[in-house]
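**Student:** TrEMBL lists these features:
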type	residues	note
TRANSMEM	25-47	transmembrane segment
TRANSMEM	59-78	transmembrane segment
TRANSMEM	90-112	transmembrane segment
TRANSMEM	124-144	transmembrane segment
TRANSMEM	151-173	transmembrane segment
TRANSMEM	193-217	transmembrane segment
TRANSMEM	229-249	transmembrane segment
TRANSMEM	261-283	transmembrane segment
TRANSMEM	295-316	transmembrane segment
TRANSMEM	322-344	transmembrane segment
Amino acid sequence: MPQQAAHQPPPRVAVERVAQRVHDYFLGLLALCYALAIAAPRAGVWLRDLEFGAGSGVSVSQVLLALLLAIAGVGIDPTRVRESLLRPRLLGGALLAKLIVPVGVVTTIGWGSALLGGVLPAEMLLGLAIVAAMPAAASCPAWTQASAGDVALALGVVVGSTLLGPWAGQYWLPYFAAAAGGDPEVAHGIGRAVLGSYFLLWVLLPSAVGVGVRLVLGPQRTARLRPWIRLAGSGLLLLLIYAFASASLQIVEARSAGERLATAIMLAGVLCVAAFSTGWLIAKLAKASRPTTAALVYGVGMHNNGVALLLADTVLPQESTVFLPIICYALVQHVLAGVVDALFNRGNATNSDEAVSATGVPEQ
């Protein structure tokens, strides 16, 4: 027995292996969550309905989403963010594109749908609009590092878009909300959610707490805890996507569930390709280096699903199909990020695994 125990790997090594496996098969696990939401939605619906006390208005899913943002905050190194300020033109261009291009894409899709007689469900367009208004995903620095890119610039886009995104979203998101539901309270609620005490309490505060925890722990202890941080973040995101997908698909008739899901994936794909292409175009126009190009492609292309789900959860019914494009964007953007990573790392297959394992950012 002592000899067997001696051969067992330390807990940190075991957790690191599991976290790496989850990362390697993350796309498959996402697809499994969607399949479970269709085939066995009961547990997911139960989780979405769960609250902290009757009538409290605070759901378990809200708290878990805030925890997800706090975990992502631990992955943000403030010293690297300061480095991004040394290139204000590139950072400013990326942030401007992040604010304008997704809005233009969603607006164009909405106009096209209206000209064709409203072929796309209004709730789906609202879900896509919420994604478009979101800041850069917390995982884009990890993907940037995996592609040997400029992590400091990617972190600057994450922090900058988190601060500026709500300010821009307050002006145009309510219009999509009004068109989708016709309920003025929903439109006003979204306007308040993206710029108000709710955003401060449930989005900025958890993220700031995560950054503060990183500063308190220091670089060495943060590095030791990185496998647990990665595993917790990925596991939370998968659980929440299953819960939100279960509640959203519950109201869709079985015969049309696949059609609605396909529509949501198509919309997410259009927005995702447009956003990634914009990042690449900015890099080409700026004649940026390869590391800078990687940071711009991921920073402009990826959106934070956790924040999108959190904001939508505040003012929309739990069973609304608005959530479908949001949860589908998680799958689409990681598929596209994987393709981009393969293009950046052709001929260097080991670089990606080593780089991603060096970051504690979850797969948001």
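Every residue, even glycine, has its Cβ placed from backbone N, Cα and C.
Keep in mind that this is a model prediction, so the values were computed, not measured.
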**Student:** Under 8 Å for C-beta pairs, could you tell me which stretch among 90-112, 151-173, 229-249, 295-316 has the largest tally with the transmembrane segment (322-344)?
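**Tutor:** If we count Cβ pairs closer than 8 Å to the transmembrane segment (322-344), 295-316 scores highest.
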**Student:** Below 8 Å between Cβ atoms, which of the listed ranges 59-78, 124-144, 193-217, 295-316 makes the most pairs with the transmembrane segment (229-249)?
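**Tutor:** The stretch I would name here is 59-78.
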**Student:** Can you tell me which parts of the same chain pack against the transmembrane segment (261-283), counting only residues 6+ beyond its ends and a CB-CB cutoff under 8 A?
**Tutor:** 34, 38, 93-94, 97, 101-102, 105-106, 109, 120-121, 124-125, 127-128, 131-132, 249, 292-293, 296-303, 321, 324-325, 327-329, 331-333, 336, 340
**Student:** When each of 59-78, 90-112, 193-217 is checked against the transmembrane segment (151-173) for Cβ pairs under 8 Å, which one has the most?
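**Tutor:** It is 90-112, which has the most Cβ pairs under 8 Å.
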